[in-house]
Amino acid sequence: NKVQTTKYTVLSFLPKNLFEQFHRFANCYFVFIVLLNFVPQVGAIQPFVSMAPVIVILFIQAVKDLFEDYGRYKSDVEINSAECFVLKSSDDKYHKMKWSDLQVGDIVRVVCNSVIPADILLLHSSDPDGICFIETSNLDGESNLKQRMVVPKHWGDVNNHEFYPKEFKSIIECQTPNNEIYKFHGNMIPANGGEKISVNNSNLLLRGCVIRNTDYVEGIVLYAGHETKAMLNNNGPRYKRSKLERRMNTDVIYCVVLLLVMCLIGSVGNGIWASNMSNIEQAELFIPNEENGEALNPALSGFYMFWTMVILLQVLIPISLYVSMEIVKWGQVHMINSDIDLYHKETDTPIRCRALNITEDLGQIQYVFSDKTGTLTENKMIFRRCTIGGVDYPHAANGESPITFLLPNAGPKPVNADDENAVKSAPNSPAASRRARETDVTPDPVLYEKLISTPYSTFACNEAIWDFFINLAICNTVVISNDSDDSVTASTTPDPYSVSTSIIPSLFLLSTIFVLSFAKIEPLYVTNQFFSSFYNVRMQSYPILNQQSTATSVKESPLESKDLQSPIFTSKNGMRHEIIQHQQLPSTCPPFILLITLFPFQQISTPVLNTKLNTKPKFSYHDSESPDEAALVYAAHAYGCVLAHRSSHGGKESVTITLPDGGGKLEFEVLHKLPFDSTRKRMSVIVRDPRNGQITLYCKGADSAILSALRRDQQDDSNNSTDIINRTKQYLDKYGRVGLRTLCISKRVLTEAEYSEWEQLHRAAERDLENRDQMMINSFVRMEDNLELLGATGIEDRLQDGVPETIEALRQAGIQVWVVTGDKRETATNIGRSCRLIHQNDEVIELITETPEALSELLDTTISSQDNKRGKLPEIQHQTTLDFVLGTGNRDQPDTLVKEIADKFVLLARRCRSVLCCRATPLQKGMVLKLIKDKLHVMTLAIGDGANDVSMIQVADIGVGLSGQEGMQAVMSSDYALAQFRFLKKLLLVHGHWNYARLASMVLYFFYKNAAFVFLIFWFQILCGFSGGNMIEQSYLLIFNLIFTSVPPLVNGVLDKDIDAATLLKKPELYMQGIKDELYLQRTFWINMLDALYQSLIIFFFLYVIYLDTEVGLIEWGTVVTTAAVFVILIHLGIETKTWTWIHWVCQIGSVLVFFAYSLIYNIVCATCLPPSNPYFVMERVIQTGQFWFSILLVTAVALFPR
């Protein structure tokens, strides 16, 4: 189990590091130049001196790699030295052992709050139900607890409370190691040769997870060390090549071509010059000789000169630009990560940049593809409506009051829905901020009365209503966890101030609500006085968790649409709220919520209060990876159908629910769970009814998935149930039009023979290791057929704050926004209008077809109609909105769309301001984005929060994951992780614009300054017969770009702001600069190079004329030229700088001072270091002359005058 993430050892570091560094083109290029200098005929610089820059670069990189590897080494030592308990066969006891010594097949015990050392198959748990809870935040970032189950024991003692490792002789078959942390399957073959036992992800504990709420677990190591899923997922930062970098690579090729042309000119010029020499004496001054003293052949001399010119002009290729860009991008990432405006305080979530090299792409996005649920919406689901048996129950009071109501035996839940502190979860749990909203359910009085009017035990009538709520309660993967927080929470156990539950048998209609604060220590007296004024009363009381709840307002509900008024219950909220509040309560005496309703002919019940204090009552929370599931469970909870307990005894799983109105408990044996997947779009659970042993499948899912699988007699027009289905469909459409998320609820009653036949085939599918996934889906589909429709639910998912404003700003910036969602058309369209994706005056084009042929014909008709009405593309590009419904249940349609009618679709879609794709599967999301990206060659960004968005996020040029409530898979696949959609506005319009402008300016500046310096050397060749001579001192030639002019452009690349943030946010259209590539066009590069050419001509020939016929020597004149180049190049950058900070001033002035300091010191202490030149006291002499300063000022002014 030993892990080693280091790349080097003491012996392998030097050769391996050098080998890695020489895989980089830049380093190979430098080494090639150094080797050329060792050839006597072409050497232009002292060979050993030319090695200095290469050695410095390799040394710095080596030190960086060594430092990083040492950090990995320390981490490895710490992890490998961690201890765990491992069973030793010698004495059958657990002993401490280092993680690194673990091996596959070891039996391990892991205690509570300990990290799991390897991938372990769970064989035993201290929990009597055979379950344990793990926290996977170290693995996938999710801090909500997940439940794992012991493998059913078919050897020795099957009692879950006992575990004898020595008796475990089974053989385990499992997959080869892979990085899919959410998938695992295998088989366990008992030692006695019994039937294979299927094992899956619910039985696997992954390395890096933490055991929670369980004393200890025991299991066998399946994968160890580098074969664990955690290590296989341990990838480095994502690497993508940005659009600007791709264009820059093209310009580097142009520089290579320009270098070759200049070297060729020098080579030809040298050959012509040499051939024109009339005698050897003259030739000796300009061209090298053969060993016998004769002049070289002009052709051979020209060949040598070609390579000499390559050495002299090497810096024309800005190899250092790549390193500089890495530094700048690192700084830009730091600036983005440090932006407080991109920090979400409520969830303590900052922005995270996971890809370090595409910061400038943020400023060139043309298309944004967004998921809907959890991305545009809060993903805080509120149960708002339901229909059962074709009857609509509007739940009109939901979301209307700041206080939620809980009926008897439904579990306490009087929580202020808008107070995030009212209910607390485990520290740092993302569930904490959402539970208050999820539990905000007010039962519909009519539905509740129907529910309790017939006890479940009789099952004589209202069977659909009971099955409906049982489905909501048990058809899920919700985890039940107890609150251990010190805060006062509601409890199902006796509370010191709670009224005896025996006094209140039932309550189903709440007419008046009173919130009372009782004085000090006499609650019994005050309560009795209050009740003495009422007759015929039935009453219940609950502690209030938050005393400020009465003052909290609730957002206006969007569900006041008249078309959704139910014929059964049509008032706006159906309840009259009267709030009476007295003096403030001391902390020792909690207040009460008194839920009172008047009923005739009821006997008065006097409350009896408990006197025993209990300061820490506990409450069971329902944690779920899916907010939809949690909302449905809390809805059932509000009606008294409470998910109370899950257990596993002897390999048999069960789920217990409590019934409303003191109806007792029901423990269902869970025979199978059919988990949700995006292909089926539904999930199911098969249970055995405890009353009569009847086997029932409860299923919930998308309406398209459920309605197509209904029983044939239910779909027969002659059957009465058809009317129920039609009414349910009408309500589904109405729910969708007001933006509710819809699910259909169904069931199927199975005979023993039907179940036995299916189970046999299903077990075979579970044991198949090769085609298991497809066989399991086929098995699920076989079972989820012939369903009986029970009803449907409508869940509200409100828009996040700032979504409409963000989408509007993106559209003003010229970015086309697409919403790609799996929701139905009505729901998606409503959200599209709410978030301003679809404006009131937009023309909406709907493409809804059943076949590819019909779609092709509809596209032809639509395109022709648009051409006739509004002309060609330029006139209509920002006029219409295309509401595109992708797929209607036909899974073959996406392939057909891409292959046969893609061009037509793209032609129409590109003319639209926005596109809304509905009913899209995860695969279709990625296919749509790839289609647009490949056909239109545009920059795309995808943003989503769930696993179903991963495909889209990975295909896009930039993937943004929201760390929401559907796990962390989207974040793990993304380049940038945000907490809210609204942060996309500043990320793109501000940071994107800045980073693009900075990088574009910096890249062009690097090309400019390198070219300007190289052109100075090239012009000198005209004066020296293309002999490879150089007027610039060798050390200046080597470090001019490395030291003198390197730091200021880096600072500009990180800190410069061409436009302030407020203006960029106020005028989003400024973002168009990046979309149109206005700051880095092809012509911009050549204009930049012409600017370098002009400035080099001014510097060289002005100074040549000024110092002509003077006593200044070549080295002195070269020093003046170098100084002028430093001033011109740095001041050129200063002119380009838009926002000056003290850092800019320090770097600009510091660079000039460093140049003069180096020159003055070097000319004194190292005058003969680089023979044959001798720059002794050169700078000291030239700076004392007025001619020097006059020429520097004149040349700088003239060279920069066009700027």
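Heads up, the Cβ atoms here are built off N, Cα and C, so glycines get one too.
Database features, via TrEMBL:
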type: ACT_SITE; residues: Asp371; note: active site, 4-aspartylphosphate intermediate
type: DOMAIN; residues: 89-159; note: domain 'P-type ATPase A'
type: DOMAIN; residues: 971-1203; note: domain 'P-type ATPase C-terminal'
type: REGION; residues: 416-439; note: region 'Disordered'
type: TRANSMEM; residues: 21-39; note: transmembrane segment
type: TRANSMEM; residues: 45-63; note: transmembrane segment
type: TRANSMEM; residues: 252-273; note: transmembrane segment
type: TRANSMEM; residues: 304-325; note: transmembrane segment
type: TRANSMEM; residues: 1003-1023; note: transmembrane segment
type: TRANSMEM; residues: 1035-1055; note: transmembrane segment
type: TRANSMEM; residues: 1085-1108; note: transmembrane segment
type: TRANSMEM; residues: 1114-1135; note: transmembrane segment
type: TRANSMEM; residues: 1142-1162; note: transmembrane segment
type: TRANSMEM; residues: 1182-1201; note: transmembrane segment
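Here the transmembrane segment (1085-1108) does not touch the transmembrane segment (1035-1055). Their Cβ atoms form fewer than 3 pairs under 8 Å, with each pair 6 or more residues apart. Contact between the transmembrane segment (1142-1162) and the transmembrane segment (1035-1055) is present: at least three CB pairs lie under 8 Å, with pairs separated by 6 or more positions in sequence. Here the transmembrane segment (1035-1055) has Cβ contacts under 8 Å with residues 45, 49-50, 52-53, 56, 312, 315, 318, 320, 324-325, 327-328, 331-332, 335, 998-999, 1001-1002, 1005-1006, 1009-1010, 1013, 1017, 1118-1119, 1122, 1125-1126, 1129-1130, 1133, 1136-1137, 1139, 1141, 1143-1144, 1147-1148, 1150-1151, 1154-1155, 1158, 1162, 1169-1170 of the same chain, all six or more residues outside its ends. Within 10 Å of the C-beta atom of Asp371 (active site, 4-aspartylphosphate intermediate) sit 30 other C-beta atoms, taking all shown protein chains into account.
Long-range contacts of the transmembrane segment (45-63) within the same chain, counting only residues at least 6 positions beyond its ends with a Cβ under 8 Å from a Cβ of the stretch, are 17-18, 21, 27, 30-31, 33-34, 37-38, 311, 323, 1034-1035, 1037-1039, 1042, 1169-1171. Each residue in the domain 'P-type ATPase C-terminal' (971-1203) has a pLDDT score, and their mean in this model is 91. Asp371 (active site, 4-aspartylphosphate intermediate) falls within neither a helix nor a strand when secondary structure is assigned with DSSP, and so counts as coil. The residues of the domain 'P-type ATPase A' (89-159), classed with DSSP into helix (H, G, I), strand (E, B) and coil, number 7 helix, 28 strand, 36 coil.
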